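TrEMBL has this to say about the protein:
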- 1-205: domain 'Cytochrome b/b6 N-terminal region profile' (DOMAIN)
- 7-29: transmembrane segment (TRANSMEM)
- 56-74: transmembrane segment (TRANSMEM)
- 86-109: transmembrane segment (TRANSMEM)
- 151-171: transmembrane segment (TRANSMEM)
- 178-198: transmembrane segment (TRANSMEM)
- 227-244: transmembrane segment (TRANSMEM)
- 251-270: transmembrane segment (TRANSMEM)
Amino acid sequence: MNSRVNSFIAWAAANSFLLALISGVFLAFPFRVEMPLISTVGIEGVLPFGDFVRGLHFYTGQLAFLFLLLHIVYSLRARSFERKSWFSWSLLVATFPLTVFALFSGYVVRNDEIGSSAGHIAESLLLEVPLIGNFLNHLLMAVSKEGVHRVYAAHFCISFLLFIGLCGWHFNLKRLKIWDLVYVALVAMILTVFYPPLLRPFEPDLSVLGPWFFVGIQELLRHLPPFWAGVVFPSIPVAALWAYKKYSKLAGIILVAWHVFYFFLSLVGFSR
């Protein structure tokens, strides 16, 4: 088995993340948490090429997440976890749900129909977490009382803290090559030009789907109580990833089975 992590995938994830942060800084200036959708729609009038920058931010965030998933797969196959302590491995595993939240909160912040629906579902699921549910909701979401104020602050802070932590501990920022940044930026630009991310207006429609990676959870909520569908089920891959260091065979089976099942749930959700 290959004992080396795929460097192209690893640096593509880092480059995408960096570009998402840079474009996000430009978007932060005209954004207003008291009127998120209006400021998002009207960004072109405040920021030159605002819609284009928003598209870059959207797609570099998506690319960072997809490359991260591939990086995790290659890292597990290369058994790079064997060279890490339990503490280091636990911190690395924790970055995965934080990255998912950073991506998810970006949808919530724009507050269109998709983001608003996803935010309220996420708030109800956070409240299902035993003991610390209210605290987590108050810290990260609270959209029913605070609008997008809390989730915007969490989106901004977690994204930057994640990148700073990974730069200082997991990879050397100086090793990022300018041409790698250019390649990732070109991919995001092409996607932005041909498939610009659209905002969905509010409509009296009961079939609102959340972000593409959240559709499986939405589908499972039709069949199971919120605690099992929205708390226990999403925790399984994180727990399996953490346990992979000691129980690699069993954890690997769980991870594959979970993702196959989640893919099936997503297909059912999208077909409705």
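Glycine too: its Cβ is placed from the backbone N, Cα and C atoms.
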Contact yes or no, the transmembrane segment (151-171) and the transmembrane segment (7-29), 3+ Cβ pairs under 8 Å, gap 6+: yes
Cβ contacts under 8 Å made by the transmembrane segment (251-270) with residues that lie 6+ beyond its boundaries: 76, 209, 212, 215-220, 236-237, 240-241, 243-244
